[in-house]
Each structure stands twice: as structure tokens, then as C-alpha cells.
Amino acid sequence: MSLKVLTALDHARTQLYHFKAILIAGMGLFTDSYDLFCILPVMKLIGRIYYEPIGGDPGVTPPVVVSASVAIALLGTVIGQLVFGALGDRVGRRRVYGLCLLLMVFSSFGCGFSICRTRGCVLGSLCFFRFLLGIGIGGDYPLSATIMSEFANKRTRGSFIAAVFSMQGFGILASSAVTMAVMAAFNRATNPEDISPLRTPEAADLAWRLILMIGAIPAALTYYWRMAMPETARFTALVEQDVMKATADMGRVLGDFDLDIHGSDALRHSPSSVTPPPPPPHPTSTYGFFSREFLRYHGRNLFACAAAWFIVDVPYYSSTLFQSQIYLPWFQRASHVNAYQEAYNVAKFQAIIAVASTIPGYFATMYFIDRIGRRPIQMLGFSFMAVFLFALAGPYDAYWHDHTNAWFIVLYALTFFFSNFGPNTITFILPAELFPARFRSTCHGISGASGKVGAIVGAVGFLWASQDNNRANIQQGYEPGIGMMYALIILGGVCVVGLVHTYVFTPETKMRSLEENEGGGSTHRENENGGNAEEVVMGIVVTGNEVPKSPSNRSNSPLCGRSPDL
């Protein structure tokens, strides 16, 4: 029989369910950025509460502890992406989707419900639960991207996946807003006599726990809807080989899902959709992930996705996490404000950057991605990131170091804008579009894990490397580094490498069905019941018994040549 359901998905009109899927799938990314960005003001509070003042300065969480808390969450993310990515292809996207969400909710509450109040126990407990949180967040990456790509139509697929990823920007904003609200409330409720730069009230220990636990609420609210989502039609039809169930599932959630209208009619009236694909490059037998065939047909694309994600996360996470050096001239020093005010200022700066550059960058990608394509946007983003990082680096020691003015902030914000209107978003999208259904989640997980390794390099390595080489000028607890100027130069050079890598290796997937993107427009699978291989072309499965291999039948088939009606 003809499998029209995938072609129908490619040509389906945009419906309310697509937007619901964006919100449901985006909550994992929302939680990711919420917990990543709230940890900085939280560490400010922990330093004031659990560490003794030094001289005239309040207590500070040692940089080693801050780096460990960041790195262990990112390490958990690497593990989660690899494990849950593979499970998504083995047992189904939906079946492990809820598990990821429950893990995120449980570990977010666990981060706040530390089992004790001594310094070592609190930090150990926090790192343990952040590791679990990282695993849940990591698992959500490949599943969210894969589910959205397999639900979307090919005209707006890029915008929809970008919209899911844009929830990170709102997670940053929510993290900042919650932190600011909690800090303002606790500061107002505290007697002024009980709080000062060198004196932190006991209630502050409740404040940071509250911030971390609130991050679990949005994710928990979407659990029911995740469980109500059907399995994607592509997994059901292509991996489980249950065409009837795939059709029924899509008909249940897409109100006017008409196979005849969106399938055969679309093929009949859309010249671009009936252009015969190139000869199939894949063998008729099913090949495994660890096979020469996989390496031959998909190895280049996997390298393109994984390497690009690694490259972009080095400058992105390093710029995010050593931004404290940039906002120091704009806010009062820690020795002049109390614990609540310091955490409030950190969150305020993060909110400004999110509103001014991060979120607009996501929106720009959503608008342009299906118009100009993925590859041009990724090249554009790497190019401008390099330009602005070099503009910050060149005169840093001579001028910017003592003149961190509005122009400096503008250049800094533009690097974030073009990372999100560029490789930071595109690297999330491409792995969900380039691989066969039975490898899609696994390959996305590998690509994302590679990116988080780059994030560890950026967040930990460059946090230390950016310190001044003069011990008198470095922040408390750090060791001398290569200095901000050289760190920025290296990061700009990394972006140039990303530009070259994109030009050489990254393919374009705009306006192509997922089956076309797998490699030359088709893929072959072996029937699990042992028999005939199936050829999937433009989302239509043809068995060997259905289309006889005579010249006359091949010439009259719209799958093998131009249809006579056209």
C-alpha cells in the first residue's frame, strides 16, 4: 500500500496543535536556561551565607566550586543526550519524553531541598542534584528537536524547531525575573538592622532554594500534555512499521488531516514535490549505527553537526559565564551592597542582555530560516560573532578595560544576537533534519553532547583563562590567566574556524522533506517480518509487490518518473 501519511505531514497546513507542540517541547529548553542562568546569583548568595568575609569584602564562593557546579551539570547533560537520544530511537520518542521531564522536576526540587545546612553537605547535595538535572535536560534536547521536526510540515519546519529552541531565551528572562522578585521581596521583608554588606540574614538560605525550586513548576505543568502527545508518525510508520496507527494518531491531533488532499493532490499540483529524487544510495538491507554503511552515508553529516555544535558552544558559554567581569563597572561593588542587592544586580544584567540581544536573535532565526536557509544563517552568525569578538579584543587592554561603556555593551550584546541568529540555533535544528528516523534522535544526542563538551571548555576553561595575568588585578579566588584580550582573540578565532567548517561541511535542508534530507532523497529499509525491502521516497513507501519492476510500470509511476497527468 502507499504510505501517504508522511507526505500529508509535509504538506499539512499550520494548525493550533503545532503551536501547542512548540510549548510542550520547549519546556525542557526553558528549564535548561533557567537553571543555567540562575546558578550565578545563587552562588553569590551561597558565598555570602557559607563563607566568611575576607577583610572588608563579603564571603565569596570559591571559583573552583562555581566551576564544579557548572561543569557537573554540563557533564550530566552530555550523558543525558547520549543515553536518552539512543533510547528515543530504540523505544520511541514519547515513551522516554515524560521520564526526562520527571527527572528535571525531581532534580530541580532536589537542588532546593538540600538535606542539610553545613557548607560541605549543601554543596555536595547541590552538585548531585544538578548532575541529575543535567541528565534530564540533556535527554530533552534530542527528543524535543526530533518530535518537533517529525510533526512539522516542510514549509515551516525550521521556524517551528527554532521556536522550540527560543524557549531558552524566555527561560533566561524567567530566571532573571524570578531572582529579582525573590531578592526584592526578601530585601524588603528584612529589617535593615539585620542586613549589611558583611552581614547576611538567615532567611537568605531560604531565598536561593526557592529560586531553584520555582524552576520546576513550568516543566511540571506540561507533564500531562507530554503524556497525551501521540508518538510521531515517522517513528510509528518507519521504525515500528505501523502505518495504520501513524495515520490514526495524526488524524487525532491534526483536525483536517486529509491524506487525499495533502498527499496525492499535493503531489499532483506541486511540481517541486514530484521531481524524481536522485538514485537511492542506500543498500536494501537494514544497516546498524555502528556500521560502515552508516559511516558512508551519514558520517559526514554527523561530523558537520557535532563539530559545529562544539565550536559554537565554546564562545557562547564562555561569554555567558565570564560576563561578571563586564558588568562590574555598571553596578556597585559587592562590599557596598548586601547579599540580596548583589544577586539582584546579577539577574538584572542577565535580563537586559536577554531582552536586548538573545531573544531578538531567536526571533530573527524563526523569521528568516525558511526563507534564506540554515547554512547561510550559520555562516552569517559565525562571521559576525568573529567580527564583534575581535572588535572587543583588539583595543581591550588599551581602552575597553578602563572604558566599559555603552558601546562596549552594544558590541557584547551583538555577539549574543548573532550567536542566536546563527549557529547556536542552527546547530540545534540540523541534526533533527539530516538523519533517518531510526537514527535521528541518537545522532542529535551525539551532536548535542559534542556541543556540551565545548560548553565545558568555554564555561570552565575560559572563565579561568580570561583572568588578568597580573595577580593584583584578578578577582578573588582566581589564578592569573592569559587576560581578557587574548581570551577574546582566541574566541574570535574559534568563530572563524566555525565559519570555514560550515562552508565546507554543512548541507542545506530548507524546504526538503526529512526523507529527502537523509541522503539523496530516499532511503531503503528491510521489512522486519523478513521480507521485502521498502523504498521511502518523498514519504511514500512502495513494496516490491506493489510496483512491478517492468519498464512500463516504472515509467508510469510518479515515484520513478514524471507522472502522465503532469
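Using the three backbone atoms N, Cα and C, a Cβ is placed for every residue, glycine included.
Marked as domain 'Major facilitator superfamily (MFS) profile' by TrEMBL: 21-510. For 513-566, the entry in TrEMBL reads region 'Disordered'. The transmembrane segment annotation in TrEMBL covers 21-43, 63-84, 96-115, 121-139, 160-186, 206-225, 301-318, 349-369, 381-400, 406-430, 442-464, 484-505.
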### Query
Which residues of the same chain, at least 6 past either end of the transmembrane segment (349-369), have a Cβ under 8 Å from a Cβ in it?
37, 40, 158-159, 162-163, 165-166, 168-170, 172-173, 175-177, 180, 323, 327, 330-331, 377, 412-414, 416-422, 424-426, 429, 510
### Query
Under a Cβ pair cut-off of under 8 Å, which of the recorded stretches 21-43, 63-84, 160-186 contacts the transmembrane segment (121-139) most often?
63-84
### Summary
For the transmembrane segment (442-464), the distant same-chain contacts (Cβ-Cβ under 8 Å, at least six residues beyond its ends) come to 63, 66-67, 70-71, 74-75, 77-79, 81-86, 88-89, 138, 141-142, 145-146, 289, 298, 301-302, 305-307, 309-322, 427-428, 430-432, 434-435, 478-479, 481, 487, 490-491
### Message
Below 8 angstroms Cβ to Cβ, which residues of this chain, lying six or more residues outside the transmembrane segment (96-115), approach it?
### Response
27-28, 31, 35, 80, 84, 87-88, 121-122, 125-126, 128-130, 132-133, 135-137, 139-140, 143, 147, 208-213, 215-216, 219-220, 222-223, 226-227, 229
### Message
Any contact between the transmembrane segment (406-430) and the transmembrane segment (21-43)? By contact I mean 3+ C-beta pairs closer than 8 Å, pairs at least 6 apart along the chain.
### Response
no
### Task
Find the member of 21-43, 63-84, 484-505 that has more C-beta pairs under 8 Å to the transmembrane segment (206-225) than any other listed stretch.
21-43
#### Entry: Per-region confidence, the domain 'Major facilitator superfamily (MFS) profile' (21-510) (mean pLDDT, whole number)
86
### Message
What residues elsewhere in the chain lie close to the transmembrane segment (63-84), defined as a C-beta under 8 angstroms and at least 6 residues from its ends?
### Response
32, 35-36, 39, 43, 96, 99-100, 123, 126-127, 130-143, 321, 441, 444-446, 448-449, 452-453, 455-456, 459-460, 463-464, 475, 477-478
